[in-house]
Amino acid sequence: MIISLDLLKRGEKAIIKEFTLDMVPLKLLEMGCLPGNEVELVQIAPFKDPMYLNINGSHLAIRKETASHILVEKHSQ
Amino acid sequence: MSKQLNVALIGNPNTGKTSVFNQLTGLKQQVGNYPGITVEKKEGICKLPRGVKAHILDLPGTYSLNASSLDENVVIELLLNKNDKDYPDVAVVVSDVENLKRNLLLFTQIKDLKIPTILVINMADRMKRKAITLDIEKLEDRLQTKIALVSSRKNTGFENLKELITNYKELSIEPCVNASVIAPEYFDRLRKAFPKQDLYKLWLVITQDVNFGKLDRNEMQSITTFQTESKSNLKRLQQKETIVRYQFINGVLKETLSIDHLAAKDLRSRLDRVLTHKFWGYIIFFAILMLIFQAIYDWSSYPMDLIDETFAAMGEWVRNTMPPGAFTNLIAEGILPGLGGIVIFIPQIAFLFLFISILEESGYMSRVVFLMDRIMRRFGLSGKSVVPLVSGTACAIPAIMATRNIENWKERLITILVTPFTTCSARLPVYLIIIALVIPDRDVLYIFNLQSLVLMGLYLIGFGTAILSAWLLDRILKIKSRTFFVIEMPNYKLPLFKNVAYNVIEKTKSFIVGAGKIILAISIVLWVLASNGPGDAFNNAEVNAVERMQAGDFPESELDKQIASEKLEYSYIGYMGKAIEPVVRPLGYDWKIGIAIVSSFAAREVFVGTLATIYSVGSDEEETIKNRMAGEVNPILGGPLFNLASGISLLLFYAFAMQCMSTLAIVKRETNTWKWPLLQLVIMSGFAYVVALIAYQLII
């Protein structure tokens, strides 16, 4: 199932598929947020924003707005 | 003696680069600025085997060579300029064993510049606990480099690193990744256009918005204008480059690194569950702030009293031992009180920097950013504004520099504009002395001290004003900028004593030296102005006072004091003070306070020093600054000059006024225009005057 990253729930894992942004921020890629990598939602702040992610062992936080532009494929149970 | 080796330490933030630097250089290090910019430049000397000496440069942390901030520009500018005197003979890339993959991105870029590069894998002591195994030999082979496995915590592996640096000539300078695969045709054209240049270097020059000031102008000009690709296409190619590099790294690590993920679930997730908790996270953050506050006010008061008394005693000693004369007076009445006014800062500044560096080192600061981002955004700020606002309680200058990692320009500008409202340590001595004079020292509700509560109130006022004006600015400023935010959540680490201690010593020292120079100069000028005067009135002060005593105006015991105050009144500074008195009178101040306020526009902390200098001119007794101020009488209304009304008015004035030239200079540098610092100066100080005026008129 493909969803945007901001819909992931805490503790869930998924695979990054693609970005729906015209221009993907280079910094995001450099921090390891690349298609094909596994992402886990570690923690969310109140209002689900920002989101604390673990992408293949690289831990970072991004805002919900950015996350909504990242499509991921959720693992089937 | 042979030439020193130039070594550059490069690495991502949070890899322990600074610990490695500290281990290599010990205390043989110095911190300065890169010429013309405010980026901190840390360098030191390291003794290598066989009598070789290395000059070690600790470059700002960066995630890649694609610069997006001034700090990162420094790195790339240096690495692209062979003529720079700091151009490294060997680059040491510091990585963290747990984030090796991300750290290697930067490594491959440096390697492709054909600089001899050593890879340091730090925090090796964590490998066992995290069940990480590394095939070092294979990794060295695949990356074509030498690897030093070190632990700055356990101080292991450094001898090996030093050995590797000494033998840097044996390092291979073969690139890891062939960047031209991302666009073969384009790179081909590049090669033909500039056959003498290194291809990857060309690519970096073209894609970076760096100001290559020091590089050969003509050549660079032609390179940067070599644009057969559109800007957005270049960006896409940069992304492609990143992906290609990661593919290479993934391939390498697959063969050499294994992590048992089950063992890796640990402290981090347990601590995160509490520290970033929706409720407890905020409670803990608030508790930490309270603790910092307590330390600054309460714990540091003991050494501060001691310093105050010591300087009073030193002045007395100088007066009694040195031959009387102008020089002795200058030392006892000008320099010593002025210096005392700055040295008294040391305990508080040290405490503040101690806490801030512990919070940063431990990795907790990123959690605060995470927790606060959403809330701060309501006020037009970013979660990353918390770091400047918290470190603004130490000093606005490093705080404003710390705004650099805020990606969004509007959020960053607002943070820069409101940070000076937070209560910096320079305000503290002013607050402390005035609170001690006008607020009674008693307990409220058994546990709270009234003085301490007032101080806390002032901190809250400062913070509240900052937030409120941010909210206003967010609505007033019409700036469109991309809202993109990413922050690394580093591992929790026990702060290394050495790092924290160096940081505290370094920051305190530079603050004291920087502010000390201004204060020393100002106190000498003030003393000269206060002990000389134009015309007969000043010279006749003594005769006049004696006459008035004989006429029965005051008892003989007060003669000295009367002479001193009369002299002061007719001195240069007395005339100047009188000139500005009408402006400060409605706020409840006399001309002496007026002078102190004017001189504190150079820096706030000058206030106490100025009053100390003014009050000690002509006084013979050993007295602390506080006692002298308490003894001042309001010349018009009678009663103590420092009463509740004038005290509160002064406190509020200092809470809001923009009285720091260095901050204005930094704001100018960071925003690249005088518009913002001038606005700050006018609006903040005007607001301060109005609030102080209202407060005084209401209370009196």
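Including glycine, each Cβ sits where the backbone N, Cα and C put it.
According to TrEMBL, the features are:
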type	residues	note
BINDING	B:11-18, B:36-40, B:58-61, B:122-125	GTP binding site
BINDING	B:Asn22	Mg(2+) 1 binding site
BINDING	B:Thr25, B:Gly26	Mg(2+) 2 binding site
DOMAIN	B:4-171	domain 'FeoB-type G'
TRANSMEM	B:279-297	transmembrane segment
TRANSMEM	B:339-359	transmembrane segment
TRANSMEM	B:413-439	transmembrane segment
TRANSMEM	B:445-473	transmembrane segment
TRANSMEM	B:511-530	transmembrane segment
TRANSMEM	B:636-657	transmembrane segment
TRANSMEM	B:678-699	transmembrane segment
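On the structure: features taken from TrEMBL.
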residue	record	DSSP class
B:Gly11	GTP binding site	strand
B:Lys17	GTP binding site	helix
B:Asn22	Mg(2+) 1 binding site	helix
B:Glu40	GTP binding site	strand
B:Pro60	GTP binding site	coil
B:Met123	GTP binding site	coil
A 10 Å Cβ contact count, applied to the binding-site residues B:Gly11, B:Gly26, B:Pro60: which residue has the minimum?
B:Gly26
Nearest of the binding-site residues to B:Met123 (GTP binding site) by CA-CA distance, picking from B:Asn22, B:Thr25, B:Gly26?
B:Asn22
Contact set, same chain, for the transmembrane segment (B:636-657): CB under 8 Å, 6 or more residues outside the stretch:
421, 423, 427, 430-431, 434-435, 437-439, 454, 458, 461-462, 465, 587-590, 593, 597, 604, 607, 629-630, 684-685, 687-689, 691-693, 695-696, 699-700
Shortest C-alpha distance to B:Pro60 (GTP binding site) - which of the binding-site residues B:Asn22, B:Thr25, B:Gly26:
B:Asn22
Cα distance, B:Asn14 (GTP binding site) to B:Gly26 (Mg(2+) 2 binding site), nearest Å?
20
Residues sitting near the transmembrane segment (B:445-473): Cβ under 8 Å, six or more positions beyond its termini, same chain?
293, 297-298, 378-381, 385, 389, 392-393, 414-415, 417-419, 421-423, 427, 431-432, 435-436, 439, 651-652, 655-656
Of the listed stretches (B:279-297, B:413-439, B:511-530), which one yields the highest count of Cβ-Cβ distances below 8 Å with the transmembrane segment (B:339-359)?
B:511-530
Just to confirm: which same-chain residues, 6+ apart in sequence, have a Cβ under 8 Å from the Cβ of the residue listed as 'Mg(2+) 1 binding site'?
B:Gln29, B:Ser152, B:Lys498, B:Asn499, B:Tyr502
Mind telling me which of the binding-site residues B:Lys17, B:Thr25 has the densest Cβ neighbourhood, counting other Cβ atoms within 10 Å?
B:Lys17
In whole Å, how far does the CA atom of B:Gly11 (GTP binding site) lie from that of B:Thr25 (Mg(2+) 2 binding site)?
17
Quick one: pull the CA-CA distance for B:Glu40 (GTP binding site) versus B:Thr25 (Mg(2+) 2 binding site), whole Å only.
17
How many neighbouring Cβ atoms, not counting its own, are there within 10 Å of the Cβ of B:Glu40 (GTP binding site)?
17
CB contacts for B:Asn14 (GTP binding site) [other CB atoms within 10 A, all chains]:
19
In whole Å, how far is B:Thr25 (Mg(2+) 2 binding site) from B:Asn14 (GTP binding site) when you measure between their Cα atoms?
19
Between 0 and 100, where does the mean pLDDT of the domain 'FeoB-type G' (B:4-171) sit?
88
So if I draw a 10 Å sphere around the Cβ of B:Met123 (GTP binding site), how many other Cβ atoms end up inside it?
24
